[in-house]
Amino acid sequence: MVKYDNQKQLKCSFCGKTQDQVKRLVAGPGVYICDECIELCQEIINEEFEEDIDMGIGELPKPKEIKEFLDQYVIGQEKAKKALAVAVYNHYKRINSRIKPDDVELQKSNILLLGPTGSGKTLLAQTLAKLLNVPFAIADATSLTEAGYVGEDVENILLKLIQAADYDIEKAEKGIIYIDEIDKIARKSENPSITRDVSGEGVQQALLKILEGTIANVPPQGGRKHPHQEFIQIDTTNILFICGGAFEGIEKIIESRIGKKSLGFGAEVQSRKEKDLSEILSHIMPQDLLKFGMIPEFIGRVPIVVTLDPLSKDDLVRILTEPKNALTKQYEKLFELDGVKLEFDKKALGLIADMALERKTGARGLRAILEEIMLDVMYEIPSSDNIEKCIITEETVLKKAPPTLVYSDAQKAKKKIKKTESVS
């Protein structure tokens, strides 16, 4: 505070009020500012800061726009993309709305993605976070255990999100967390057991509070909580949780519920092999998840259940070529950096898709297959001169012949890469 000077009446350089008209007058090099102007400046800064952090309703993409963005990265799964687009739009619309205390309360709706391995569950969640420009974290449910046992506490999931937000808690509180392998924490048996299920039902119980919305205490360095430790507090009310799992065998539970009950002559019998798996999964109900081993309280906190279809051969071929970051486009870019144009024969792409289906790894297995095929090619080409084009054929995929090379000489002679001796 500036002391009163009888020689000169000090006044605020901004509003012009004298020292005796205000409570405080702060002095700087040749200037003064009063407490009223400081308060006004603080209000202006706070308003601008809130506008920067809050995603306005006008800026929030509409469900159709969200689906169009997902289409650029995720092939197929039309029903799942539509359901996710609506769910995510409603979630962030709820966050951005300024609801009065006496108004209708909009509850959070977390999402459960259910589908085979490699069908695009993780990619869908990652792509949503990319579009919305919010912090995103992936957690593995299999590493979680109930508090007090060896393994990770559920609060460590939140630490990953805080780290993704560069420890900006306000930003993290509007993020997305994808919990993978959620089916692995199913109750080990349908009936409650005397022995404690610390990595199954116990984890489900521990997740309930953060899924619903609570002020969680997170250890800054991760690991177990202990007394006299400082914690980071984070409100999970507006964090969107997307849980994903393959739920292998749940189709049998659904079938037993919707299947025909009649027996004897004339009974209508239809085996699961004759039914389409995606059609069976589309009939999933909460009681099926309950019978699988998920507890009722957990099911209630993930009300939106989205099923993903198994990927067909055509889907896998499209995944190889169509998305913005398609695998073939990535390899083409790598070869382009060496001045070589890379092409994949249509039959070769079909064969790669067949191999992925045979391995039952879905889209996730495509990269491993391509790495095996491309190893010798990527080893030889950087050392070869004057190569203009490299064509991956069906024979190359089967490892019966090297790829076709087009050289940039006058004759455009086609040559073959000599097979490198394989070490058995």
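The backbone N, Cα and C atoms fix where each Cβ goes, glycine too.
Feature annotations, reproduced from Swiss-Prot:
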type	residues	note
DOMAIN	1-53	domain 'ClpX-type ZB'
BINDING	C12, C15, C34, C37	Zn(2+) binding site
BINDING	P116, T117, G118, S119, G120, K121, T122, L123	ATP binding site
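On the structure: features taken from Swiss-Prot.
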| residue | record | contacts (Cβ under 8 Å, 6+ apart) |
| --- | --- | --- |
| C12 | Zn(2+) binding site | T18, V22, L25, Y32, I33, C34, E36, C37 |
| C15 | Zn(2+) binding site | C34, E36, C37 |
| P116 | ATP binding site | A246, L277, L308, P310, L311, G362 |
| T117 | ATP binding site | A246, K360, T361, G362, R364 |
| G118 | ATP binding site | L311, A356, T361, G362, A363, R364, G365 |
| G120 | ATP binding site | V74, I75, G76, Q77, A80, L308, L311, A363 |
| K121 | ATP binding site | L113, G115, D180, G244, G245, L308 |
| T122 | ATP binding site | I138, Y178, D180, G244 |
| L123 | ATP binding site | Y73, V74, A363 |
Check the DSSP secondary structure of T122 (ATP binding site), expressed as helix, strand or coil. helix
Greatest C-beta neighbour count within 10 angstroms, which of the binding-site residues C34, C37: C34
Those same-chain residues, other than C12, C15, C34, C37, found with Cβ within 8 Å of the centroid of the Zn(2+)-site Cβ atoms are S13, F14, G16, K17, V22, L25, Y32, I33, D35, E36, I38
Excluding P116, T117, G118, S119, G120, K121, T122, L123 themselves, the ATP site's Cβ centre has within 8 Å the residues G115, G244, L308, G362, A363, R364
If you skip the near sequence neighbours and keep only those at least six away, which residues in the chain come within under 8 angstroms of S119 (ATP binding site), Cβ to Cβ? Q77, L308, D309, P310, L311, G362, A363
Could you tell me the mean pLDDT over the domain 'ClpX-type ZB' (1-53), as a whole number? 77
